[in-house]
Amino acid sequence: MNSLQSKTFKVALIMFLVIALMPGLTVQAATTHHWKHYTNGVELMKQGKYKQAIVQLQEAVKQTSNASYLRKLAEAYEKDGQFQRAADTYYAEAKIHYELGLKSGDMNTYFAVLAMADALNTEIELYIEDQTPIQQNTSTLGKFEPANGMYIGAFVEKDSGVENKKGEKFAAFNELTGKQHAVYFNYHRYGASFPNVWASQVKAAGGAIHLAVQPEGGLSEVKDDATLRKFARDAQAAGVPIFLRFASEMNGSWVTWHGDPKLYIEKFRLVAKVMKEEAPNVAMVWSPAANPKRNIHDYYPGDEYVDWVGLSIYSVKYFNGDVKSPADQVNPLDSLDYVYEAYADKKPIMVSEYGATHFSKAGNTSTVNFAITKMNMMYHGAKLKYPRLKGINWFSLNTLTDSHSAERSLNNFSLTENSSVLNAYKAMIKDPYYLSSVPQLSAGRAAAKQSVVALADQAVRGKQSKIIAWVKTYDPYISKVVFAIDGKQVAEKTQYPYQFTVDAGNYAIGNHKLTVTVYDSKGRVASSKQSTLKIGADIKPLEKGQLMMHINEKYVYTANGKIELAVAPFTKQGRTLVPLRFISNELGADVKWNSANKSITITGASKIVLTEGSRTVTVNGVKSELDVAPVTVQGNTFVPLRFVNDKLGGQVSYDASAGSITITK
């Protein structure tokens, strides 16, 4: 799980476990004061006796779990090479700072300690990808938001590999990287005329436009006047989708439009209003910097004015250009969590700017392996873990030779200036998940030809399904990931994406054991995970009006492909429960929820009223009893399968041995 809420839950659980279940400790009355245990532990650490220090510090924490004791215990675990225990203990410390931060309003220490825990934490998450077209509800999508997949974009204005191509640089970049890019971005001073020539060049190369509009003279210059109106009309005349990123990174003190959230919101809304009136092809992008986090939400203009939420994230080898502060262990996706958790349920998310350095001025260090690793973590991790992250723009610039300030002339992010980095990028974006075009608003959205779902939520059915692992551990440079099914090795991978293809026809229908083993850069086993790999029967062609679903699986199959449910059908008290709203809508009925009395009204051939938690159902005014009362799971109401057959008019066929349900309209 990637959200801050899940991490907060995790640290709370881990804090309990760290205190209550420390190995080697017995529950008995304390004979030595915790401070003495702590000071003993500190002294033993100074002597390099980490295992002995751990014993002392564990006892101190058992008596009183303050942040200082937990910090020192985590450091001892880390020194002793017990990285997961170190991570868990840092999470426990972070929980304390989280509670303190809620009271004080200062969450900086919490985020700092959380980052320390994240850096050492091991994650192994498994997913399935297949090629069955997936149908999605496009009515909930944002402006220019793809139903599935992620736009790839870039900033190439001063990239030495294409800069001399002038107006042809976008086509040249597409050729160098081996794939059409959906978006190209540039910076634009507020008050300047719309960049018509540049826009036409991007359009000619098949790209959409992303403009980072910057009020360098301050927010006071932003007015609803002839200049802004003309800019908007010219944007409309460009005839291409435009992402307008107005006054981004506003939470950072390095920009002139920082410091007055109320005024910022007023001006953002003003620009959004003008664009809505004059340029319907413009999507407004609200895009803070990943840090500082403490004031990000203060600047949010409101759902009515924001079409996309963006974020600027960079992977650098050293913090602040200091060789004594390496940043190898930072997972770039961790910088995304805070904003994604807050806004992804309302708006599509993009990484407005991303780059991973392959040369650092600090120490004059080549960091090619760093760049390749981080870019793969960002793009592949986004695909697997962040389904509403719908765009990433690569900042392809060598800041050592081109930068607006000396303090930012530290890293080379150019894709074209290092062949290894360029080839890695080319190989990565070949995946059809990474999209090459932004459709016009008038264009329909075709069903995606591939989809990803958690392994726990789906069986492998048919041929050519991919098993993909999201893996990170205490060592940022994983040497290999090995996959085995029922004890037999089936694949070994040395770089993201860690994946292999499985043919369900080669395995018996039923459950199999999938083992994933991760090795660190020294060839040692860093972690291993066993999961259930469920092999299911292939899906035979369905007729129009038929649905097929399976117990504990999220995909529903139709004649046109498949649909992903928020929650899979399940069994309770010996009864099979299925999602009411989804099936009702598929059968042509309308569903209304009354939160006041927790009732559900279904209007179709009949009028049906149910109440959450009650077995009583009313059909056209006549009451009867259900086998099992409706239940709500994650906001979705589930009813007994028999209800579909008896009350909704669907013809139901249930195969208990396969766990499959076929419903015919």
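Counting starts with 1 at the first residue shown.
Quick reminder: no glycine exception, Cβ is built from N, Cα and C everywhere.
Lifted from TrEMBL, the feature list:
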type     : residues : note
SIGNAL   : 1-29     : signal peptide
DOMAIN   : 92-425   : domain 'GH26'
ACT_SITE : E249     : active site, proton donor
ACT_SITE : E353     : active site, nucleophile
Hey, of the active-site residues listed (E249, E353), which one tops the CB count within 10 A?
-> E353
E249 (active site, proton donor) and E353 (active site, nucleophile), distance between Cα atoms, whole Å = 11
Taken over the domain 'GH26' (92-425), the model's mean pLDDT | 94
